[in-house]
Amino acid sequence: MKIYMSADIEGVAGVVIPAHQRPGNAEYEDARRLMTAETNAAIEGAFVGGATEVLVNDSHGPMTNILPDLLDPRAELIRGNIKHGGMFAGLDDSYAGVICLGYHARAADYGVLAHTTSDFAFARTWLNGEPASEAMFYGAYAGAMGVPVIMLSGDDVTEAHCGSLFLGSHFARVKSALGQRAARALSPRAAQALIRKAAEAAVRDAHHIKPYRVAEPCDVAFKFTSVFFADICATIPVAERRSPLTVGFKTETALDAIRWMRVCSSLGGHVRLSTN
Amino acid sequence: MKIFISVDIEGVAGVVVPKQGQPGNLEYEHSRRLMTEEANAAIAGAFAGGATEVLVNDSHGPMINLIPDLLDDRAELIRGQIKPGSMFAGLDDSYAGAMCVGYHAAAADFGVLAHTYSTRDFSAVRLNGLPASEAMVFGAYAGAMAVPVILLSGDDVTARSCGALFPGAEVVTVKTALGQRAAKALSPQMARARIRDAAERAVQSATRIKPYTIAEPCALELDLTSAVLADLCETIPVARRHSALTVGFEAPSIGDAIRWMAVCCMLGSHLV
């Protein structure tokens, strides 16, 4: 049984401030070790639960956060960016389930470091009219292949949101949000034990968990953090300008909705260079 | 009679090195003045030839190069970006003709500071299989509105390669390329005199010049300067990856082809 893992960083126990998720400082070096250790806990649990193969996809920022020589050697690791499928790169219908580690709440919600893909770009995102999290976008992408999200880890706000999307999935709540940049967290050791147990149970349960599906074709919409940013994204020939701050796209698939999200987020580079 | 003037900087007499097109240094301050004066020459010629209204679109880089209080006050000026139509922003079918002042040769060609839209991002651009210059791309955009390009100024390579696209248009060679960053140039005064006279003749003959059109829908191909930029452009759902360095788009109109080119250029900023 093949299990797929997508590892983000904001939902890791102990991670609470932007510096933790931004390469180039000592806080980040601590956070990436915690992220790697939580991933190891999930890998361990997956193998105990019956997985025969585990693929881990580094899914945060530059996607080179996990320390390869500290990662459980039984797993294969996808590093780097840009890659087809983004946070779920490498997933196909041969996998029995997806585990989302270190995930976080969506843009404009409560929850530690809540955002959707880019807090520089997006004030809000919608998929088929619903406020959307990364878990929702990528869970829908997996669901379109018939693969269920079987487990997630993160804070309590993430649990409340994702629990209602991925019915029957398991959740390891490693911290409770006290604000955007504050949380009460389990110790890393306790968090890892919780993740190990949840992963084991989820893999045992995988066949009983239904894939999360959204209606396709889809409608995806983004509220940008500035009108200038929206101006730039509205130059995309198939984009629809829906308000000064909002641009939307009609897409055939959930994957294409994700691709538009990544295209718009990447156009933020041009916004950064145009600050004058 | 309404006349549209798009002004770029690389084809201005005296401009030869990248710095002269990049804000934030003294060389640039000189060249933007030269650019403004060449625009003035075209405006003066246009009015002398019978124009009743002139719209100038700043078409280089950040598109805030022309110095407004040095510009002929009979003209209106479009500054800044992002704007629909980009280098030909503001053009519609009410104009009798478009002028391209300070234009340059296409990416991968000879010619002073030759490039197409972005040196950083594109090593070549093709439109319907043909190597594309900015003059070609925006000339076709104007042509789709039935507006002819009636004047083009720049170096000798631009005059040869782009001039051939616009039969009957006035083509002004203000410098001769000796390399990518070297040229033998007319004096600024002489360059302006030639542009002024050519603009006057161009407006007088505008009604006899045919618009330049290309087949639509059109195929746009971009050779990117790195494979990672090609990876990034390929995340656009309708993009087609043709090779490690090449991405293509099928666009229903030349306007959309221009927009895809601009989007891929802006995506290049993500990798800076």
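The backbone N, Cα and C atoms fix where each Cβ goes, and this holds for glycine too.
Site annotation for Zn(2+) 2 in TrEMBL covers A:His60, A:His104, A:Glu134, and the matching candidate from A:Asp8, A:Asp30, A:Asp205 is A:Asp8. Cα of A:His104 (Zn(2+) 2 binding site) to Cα of A:Glu10 (Zn(2+) 1 binding site): a span of 6 Å. Counting other CB atoms no more than 10 Å from each candidate's CB, the recorded positions A:His60, A:His104, A:His115 peak at A:His104.
Other residues of the same chain near the Zn(2+) 2 site, with their Cβ within 8 Å of the Cβ centroid of A:Asp8, A:His60, A:His104, A:Glu134, are A:Ile9, A:Glu10, A:Gly11, A:Ser59, A:Met87, A:Gly102, A:Tyr103. In this structure the alpha carbons, written CA, of A:Asp8 (Zn(2+) 2 binding site) and A:His115 (active site, nucleophile) are 12 Å apart.
It is 12 Å from the Cα atom of A:Glu134 (Zn(2+) 2 binding site) to that of A:Glu10 (Zn(2+) 1 binding site).
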